[in-house]
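Dumping the structure here so I can ask a few things about it.
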Amino acid sequence: MNDISMMGYPGMGQQQPQPQQAQQPQQQPISMQPHTMMNMMNTNLPPPGMMMGGAGSNTGNENMINHGLMSGNPVSGIPNNNSHQLLDQLINKNPNNMGIPQQQQDSLAAQMQLPMGGMPMGNGSAHNGNVGMNNNNTGGNNNIPMGNANVLRNNNIIGNLGGSSLAGGNMNSGMPGISTFGNTPGQLAAPPIQPNANANNPMYHPHLEDPSLMNNPIWKLQLQLATVSAQSVGQPNIYARQNAMKKYLATQVPPQNQTQQQAQAQSQIAETSKSLVDCTKQALMDIMAPDDSKLKGMSAPNTASTTTNSTISTPTTSKIDMNNSREQPSTPSLLLQHKKLSQYSIDEDDEVENRMVAPKDTKYNDQIWHAIDLSNLQIFNISPNLMKYDFLTRLYLNGNGLESIPSSIRNLKNLRVLDLSHNKLKELPKEIGNCYQLKYLYFFDNQITTLPWELGNLCNIQFLGCEGNPLDKELLKILTEKSFTGLIFYLRDNRPEVPYPHDRKFIEINADGEPEKEYDTVQEAERNLSSDMQKKSFTMLSYNTLCQHYATPKMYRYTPSWALSWDYRREKLKEQILNFNTDIICLQEVEAKTFEDFWQPLLEKHGYTGLFHAKTRAKTMQSKDSKKVDGCCAFYKTSKFKMLFKECVDFSGLWMKHKKFQRTEDYLNRAMNKDNVAIVMKLQHIQSGEIMWLVTTHLHWDPKFNDVKTFQVGVLLDHMETLLKEQNPKQDVKKYPLVICGDLNSYLSSSVYELFSTGRVQHHHDGKDRDFGYFSEDNFSHNLALKSSYNCIGELAFTNFTPSFTDVIDYIWFSSQALRVRGLLGEVDSEYVSNFIGFPNDKFPSDHIPLLGRYEFLKSNNTQNSNSGSRKV
């Protein structure tokens, strides 16, 4: 964009060309023209304390938040101090000590003496009207040169740096709970640089005690990135500045006649704009790179070319010297171990970026900025209110005086990058473990001695920066031997047991459908059940057991490896199900072979008999492979029920046999290839003589196919109506005892829930503009009076618990005019759940929890020999 005023800076419109100095070349690349560079720095500099992450934005307009202070707008002709200091850093303090040509430096320095509009710069008093700006002319001396890192560490100037002239006292006005100290209103104190007393302490820098660590590639990476981090100390909002520079450079096209000297200078500026996160990605990409990439002439793309979309992109950059260590005999297994443990590619797009370019249909996607940069602002306290910004993906708190982080950081579950380096932290809050999407966690140069076990939840971690802390030697050993992911897995697998305070309570429901009494266990409730209630009621369980083929270490990285093993989970499932001792057991996600070899023989020993139906894809496979396909199964106690009818159905097959079947485009393209199934049983309750119908199913999982789920339920309910009418044409189908349970993969707000609860789907977005023939024309309507079992006490907090999804998707529906709920298994203890980011774990062997209820038959003549079509309720 040529007009700077269009980028959120109205006082900086296009300027008339300035006369060029005689000694300058007639043509300069745009990135090297002094006036243009000054405009660029003012233009793209985000507001203080904020760095935005709107995708695809290069203007900085739509995704910037202006606090009214330090915005970069010139006030009364006063130039922006941020621009001068940043330009000074870019010219004189480049990281590779490869200076910009002296002629160019002189020209840029001369330009720095002029305001943006070409008017003469006022003296210090002219800044009095520039509210929130610090005109400390000596502040620039507090900045650490972006040069040789050894100078930084050897001269003990890494920690406790003073304020910069860029740090206005009101820099974060409008930000919740930011506490800073300053000498006067509108200014931060600029104390002298204090030496870092721990710079030569081997407890903080173990390579000083054990020089062999210098040959360890993991520790070399720690030192390399700790050096990069140290270079930013004392430079307020360093991430925001670097991001602004990258966005500017991405818009520039080098001229064709660019000299080598000019190209070198431009490359130098691009190098300066690289952040710690960029350097981390560069290093990790090098570790993950193929060995023969150099031979093929391959090199990773330049960072600047891959970071134009947003501040949360994952660019790749050129290789570093660690690639050479791959050839050393002592390092290949270590480097490859990181690759093996990571199980994902460093350069794959962030999930959040994919959401940003997708249709904006959520509150999260309407948010246009996702990062806050509070680096090097002399902040000594962070209010928990900051943690209410749960949409944040990046939070930079490095270079302050923080001694603690609020436990409410657990709310930032979208966080990808967290920089806590160069503070005074003695521990990390265990709640950071809830930020399971963290990829880059930095806490260089603090006072941390150990890591909370909860960090084992950080299953997506790609780098953990810990150098400069007196960290426990055992943890350091694991880090240097097994890399970052190995350390996380160690914390995950060796976490002490979290006590389970109590079993899920069983809630007794009275005849009016209201909770009456709570029992500590299902067994206790059973012991207190009256003999009359036992004769006219039954219990049933519905449980998605998580098929072992889906429970892979890659999918469930947050679960300890021993707790994820099928042997352990199978025994836990067995223990749970047998302890519940229900009259009916319905299971989903059961492998065919597991049913035959484990569940069927086990439950037959305990007085059950059952039926299994695999998903339809098993029909297309050879016998051996078909045994690995999962499906649904239903068991009943032979002492309680007698089976009168059974049927295994698949939804596509039912619809194709329907008398009103239509081959619509949506059916053919969206529903026909889904292989979900259901089991239907007609059972007679032996003690009461009542007849009931039992259905268990597992609907399609993908939320992009909610219309297909509605279609599947519509087919199922239509089929049940047909069966009920065939069995007894004179009886109202509403008065048949019917229970439908399973994993419906549908929210409470879904069209599936609406269809079950109201009998039709009316103008619901899930099925909008979809054509499933007869069902769509009739709004999928049915005449069954169904009610969710948990409706009388309120649906549970969740039935499926994973880091990325926690909600109710499992249900037990019953015919409310023929059955009455008399008891329900309650929710999992919320305090216990707060210690985890998902199931399975050592106590819960599936990512779903079981649903359990007791159901009473209402008085009726609904017996096997009944011909009556009516009864009173």
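Each position is counted from 1, following the chain as shown.
Here the Cβ of each residue, glycine as well, is placed from N, Cα and C on the backbone.
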Between the candidate ranges 1-29, 755-783, 842-870, where does Swiss-Prot place the region 'Disordered' annotation?
1-29
Which residues of the chain, 6 or more past the ends of the repeat 'LRR 3' (437-459), have a CB below 8 A from one of its CBs?
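Tertiary neighbours of the repeat 'LRR 3' (437-459) are 158-159, 196, 198, 204, 225-226, 229-230, 276-277, 280, 351, 398, 413-431, 465-472, 475, 487-496, 557-558, 560, 803, 835-837.
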For Glu589 (Mg(2+) binding site), which residues in the same chain are close in space, meaning a Cβ under 8 Å from its Cβ, but six or more apart along the sequence?
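Same-chain residues close to Glu589 (Mg(2+) binding site) (Cβ under 8 Å, separated by 6 or more) are Asn544, Thr545, Leu546, Cys547, Tyr550, Asp630, His698, Asp743.
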Residue counts in helix (H, G, I), strand (E, B) and coil for the repeat 'LRR 1' (391-412), per DSSP?
5 helix, 3 strand, 14 coil
